[in-house]
Amino acid sequence: MANYGTVQRPSTASPSPSTDHPYDPKDSTRKKFNIICPFNIPTTQEAAAARIIRNLGDFGLYYALFIWLGLFIALIPQRKVSLIYLVAMTYVTGVYLLVLRALPNSVVLNNVIDKRLVLALLAIATMVELILTRAAIHLFASLGIGVPLILVHAVLTIRDDLFVGEEATSAADQLVPLRNSNETPSVDIV
(Lines of atoms letter the chains of each structure in order from A and count residues from 1; the text may use other names and numbers.)
(Lines give C-alpha, C1' and ligand atoms only; values in the text may rest on other atoms or scores of the structure.)
Protein backbone atom coordinates (compact mmCIF):
# COMPACT_ATOMS: atom_id res chain seq x y z
CA MET A 1 0.00 0.00 0.00
CA ALA A 2 1.32 3.47 -0.94
CA ASN A 3 1.50 6.24 1.62
CA TYR A 4 -0.01 9.16 -0.28
CA GLY A 5 0.25 12.56 1.40
CA THR A 6 2.37 11.35 4.31
CA VAL A 7 5.81 12.64 5.17
CA GLN A 8 8.62 10.17 5.57
CA ARG A 9 10.74 10.91 8.64
CA PRO A 10 14.47 10.66 8.10
CA SER A 11 16.19 7.99 10.11
CA THR A 12 18.71 9.02 12.74
CA ALA A 13 21.32 6.66 11.35
CA SER A 14 23.67 8.35 8.91
CA PRO A 15 23.87 6.88 5.43
CA SER A 16 26.92 4.85 4.63
CA PRO A 17 29.63 6.74 2.74
CA SER A 18 29.86 3.99 0.14
CA THR A 19 26.37 4.83 -1.21
CA ASP A 20 26.73 6.39 -4.65
CA HIS A 21 24.60 9.45 -5.24
CA PRO A 22 23.48 9.67 -8.89
CA TYR A 23 24.63 13.30 -9.19
CA ASP A 24 28.06 12.91 -7.64
CA PRO A 25 30.90 13.12 -10.15
CA LYS A 26 32.40 9.70 -10.69
CA ASP A 27 35.14 10.80 -13.06
CA SER A 28 37.66 13.33 -11.75
CA THR A 29 38.81 14.17 -15.30
CA ARG A 30 35.62 16.13 -16.08
CA LYS A 31 36.11 19.82 -16.75
CA LYS A 32 34.38 22.24 -14.41
CA PHE A 33 33.41 25.83 -15.11
CA ASN A 34 31.60 28.65 -13.43
CA ILE A 35 28.79 30.38 -15.24
CA ILE A 36 29.74 34.03 -15.59
CA CYS A 37 27.34 36.84 -16.42
CA PRO A 38 28.59 38.97 -19.34
CA PHE A 39 26.76 42.06 -18.03
CA ASN A 40 27.78 44.25 -15.12
CA ILE A 41 27.12 47.84 -14.09
CA PRO A 42 30.38 49.84 -14.19
CA THR A 43 31.58 51.29 -10.91
CA THR A 44 32.63 54.73 -12.22
CA GLN A 45 31.92 57.00 -15.15
CA GLU A 46 35.47 56.46 -16.40
CA ALA A 47 34.91 52.70 -16.42
CA ALA A 48 31.67 53.22 -18.37
CA ALA A 49 33.43 55.42 -20.93
CA ALA A 50 36.24 52.88 -21.28
CA ARG A 51 33.72 50.09 -21.81
CA ILE A 52 31.86 52.10 -24.45
CA ILE A 53 35.07 52.78 -26.38
CA ARG A 54 36.26 49.17 -26.11
CA ASN A 55 32.88 47.68 -27.04
CA LEU A 56 32.42 50.06 -29.97
CA GLY A 57 35.73 48.72 -31.27
CA ASP A 58 34.80 45.10 -30.58
CA PHE A 59 31.14 45.16 -31.64
CA GLY A 60 31.19 48.09 -34.09
CA LEU A 61 30.23 45.99 -37.10
CA TYR A 62 27.35 44.37 -35.21
CA TYR A 63 26.14 47.76 -34.00
CA ALA A 64 26.22 49.13 -37.55
CA LEU A 65 24.33 46.09 -38.82
CA PHE A 66 21.75 46.54 -36.06
CA ILE A 67 21.12 50.16 -37.08
CA TRP A 68 21.16 49.22 -40.79
CA LEU A 69 18.63 46.43 -40.27
CA GLY A 70 16.31 48.70 -38.29
CA LEU A 71 16.51 51.35 -41.01
CA PHE A 72 15.99 48.74 -43.73
CA ILE A 73 12.86 47.40 -42.03
CA ALA A 74 11.55 50.94 -41.48
CA LEU A 75 12.00 51.80 -45.16
CA ILE A 76 10.33 48.69 -46.63
CA PRO A 77 6.65 49.73 -46.44
CA GLN A 78 6.75 53.26 -47.88
CA ARG A 79 10.16 54.41 -49.12
CA LYS A 80 11.23 52.16 -52.00
CA VAL A 81 13.61 54.72 -53.59
CA SER A 82 15.30 55.37 -50.26
CA LEU A 83 15.64 51.62 -49.79
CA ILE A 84 17.37 51.33 -53.17
CA TYR A 85 19.80 54.12 -52.20
CA LEU A 86 20.50 52.43 -48.89
CA VAL A 87 21.25 49.11 -50.57
CA ALA A 88 23.42 50.82 -53.21
CA MET A 89 25.50 52.63 -50.59
CA THR A 90 25.83 49.40 -48.64
CA TYR A 91 27.13 47.75 -51.79
CA VAL A 92 29.65 50.56 -52.38
CA THR A 93 30.86 50.30 -48.78
CA GLY A 94 31.18 46.53 -49.08
CA VAL A 95 33.20 46.81 -52.29
CA TYR A 96 35.51 49.37 -50.67
CA LEU A 97 36.11 47.07 -47.69
CA LEU A 98 36.72 44.11 -49.99
CA VAL A 99 39.28 46.11 -51.98
CA LEU A 100 41.01 47.03 -48.71
CA ARG A 101 41.17 43.37 -47.77
CA ALA A 102 42.32 42.28 -51.25
CA LEU A 103 45.11 44.86 -51.33
CA PRO A 104 46.53 44.93 -47.79
CA ASN A 105 49.92 46.29 -48.93
CA SER A 106 48.53 49.21 -50.94
CA VAL A 107 50.14 52.44 -49.78
CA VAL A 108 47.36 54.62 -51.18
CA LEU A 109 44.46 52.65 -49.68
CA ASN A 110 45.98 51.97 -46.28
CA ASN A 111 48.30 54.89 -45.50
CA VAL A 112 47.24 57.92 -47.54
CA ILE A 113 43.46 57.47 -47.32
CA ASP A 114 42.19 56.69 -43.85
CA LYS A 115 39.57 53.93 -43.76
CA ARG A 116 37.60 55.70 -41.03
CA LEU A 117 37.41 58.87 -43.11
CA VAL A 118 36.06 57.01 -46.14
CA LEU A 119 33.50 55.12 -44.05
CA ALA A 120 32.39 58.34 -42.35
CA LEU A 121 31.97 60.02 -45.77
CA LEU A 122 29.93 57.07 -47.03
CA ALA A 123 27.72 57.24 -43.92
CA ILE A 124 27.20 60.99 -44.39
CA ALA A 125 26.40 60.49 -48.09
CA THR A 126 23.86 57.80 -47.17
CA MET A 127 22.22 60.09 -44.63
CA VAL A 128 22.04 62.95 -47.15
CA GLU A 129 20.49 60.64 -49.75
CA LEU A 130 17.89 59.46 -47.23
CA ILE A 131 17.06 63.03 -46.24
CA LEU A 132 16.74 64.11 -49.89
CA THR A 133 14.38 61.23 -50.62
CA ARG A 134 12.15 62.30 -47.71
CA ALA A 135 13.08 59.39 -45.49
CA ALA A 136 14.58 61.57 -42.75
CA ILE A 137 11.92 60.58 -40.23
CA HIS A 138 12.77 56.91 -40.75
CA LEU A 139 16.48 57.64 -40.42
CA PHE A 140 16.10 59.65 -37.21
CA ALA A 141 13.64 57.17 -35.72
CA SER A 142 16.03 54.28 -36.43
CA LEU A 143 18.94 56.21 -34.93
CA GLY A 144 16.83 57.39 -31.98
CA ILE A 145 15.83 53.85 -31.10
CA GLY A 146 19.06 52.07 -32.03
CA VAL A 147 21.71 54.34 -30.52
CA PRO A 148 20.38 54.24 -26.93
CA LEU A 149 20.09 50.44 -27.12
CA ILE A 150 23.65 50.23 -28.42
CA LEU A 151 24.93 52.53 -25.68
CA VAL A 152 23.21 50.47 -22.97
CA HIS A 153 24.75 47.30 -24.42
CA ALA A 154 28.17 48.94 -24.70
CA VAL A 155 28.08 50.16 -21.09
CA LEU A 156 26.85 46.91 -19.54
CA THR A 157 28.80 44.34 -21.58
CA ILE A 158 32.06 42.97 -20.22
CA ARG A 159 34.11 41.75 -23.16
CA ASP A 160 36.95 40.09 -21.19
CA ASP A 161 34.74 37.31 -19.82
CA LEU A 162 35.14 35.12 -22.89
CA PHE A 163 38.23 33.47 -21.44
CA VAL A 164 37.92 31.11 -18.49
CA GLY A 165 40.80 30.24 -16.26
CA GLU A 166 44.20 31.90 -16.19
CA GLU A 167 43.42 34.14 -19.16
CA ALA A 168 40.63 35.90 -17.24
CA THR A 169 42.87 37.26 -14.49
CA SER A 170 43.01 40.72 -16.06
CA ALA A 171 39.25 41.17 -15.80
CA ALA A 172 38.70 39.24 -12.57
CA ASP A 173 37.37 42.31 -10.79
CA GLN A 174 34.64 42.85 -13.41
CA LEU A 175 33.41 39.26 -13.69
CA VAL A 176 30.10 38.55 -12.00
CA PRO A 177 29.18 34.94 -11.22
CA LEU A 178 25.52 34.04 -11.63
CA ARG A 179 25.48 32.23 -8.31
CA ASN A 180 27.44 32.33 -5.08
CA SER A 181 30.47 30.04 -5.29
CA ASN A 182 30.11 29.07 -1.61
CA GLU A 183 26.74 27.40 -2.13
CA THR A 184 27.43 24.45 -4.46
CA PRO A 185 30.31 23.08 -6.47
CA SER A 186 30.88 24.03 -10.10
CA VAL A 187 28.82 22.63 -12.95
CA ASP A 188 30.28 19.56 -14.66
CA ILE A 189 30.70 19.29 -18.40
CA VAL A 190 30.64 15.85 -19.90
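Note that the numbers count up from 1, one per residue, in the order the chain is shown.
Just so you know, glycine gets a Cβ as well, placed from its N, Cα and C.
Quick look at what TrEMBL lists:
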| type | residues | note |
| --- | --- | --- |
| COMPBIAS | 1-19 | compositional bias 'Polar residues' |
| REGION | 1-29 | region 'Disordered' |
| TRANSMEM | 59-76 | transmembrane segment |
| TRANSMEM | 83-103 | transmembrane segment |
| TRANSMEM | 115-132 | transmembrane segment |
| TRANSMEM | 139-158 | transmembrane segment |
Can you name the far-off residues of the same chain, 6+ from the ends of the transmembrane segment (115-132), with a Cβ under 8 Å from a Cβ of it?
71, 82, 85-86, 89, 92-93, 96, 100, 138-139
Long-range neighbours of the transmembrane segment (59-76), counting only residues six or more past its ends (CB under 8 A):
82-83, 86, 90, 130, 135, 138-139, 141-143, 145-147, 149-150, 153-154, 157
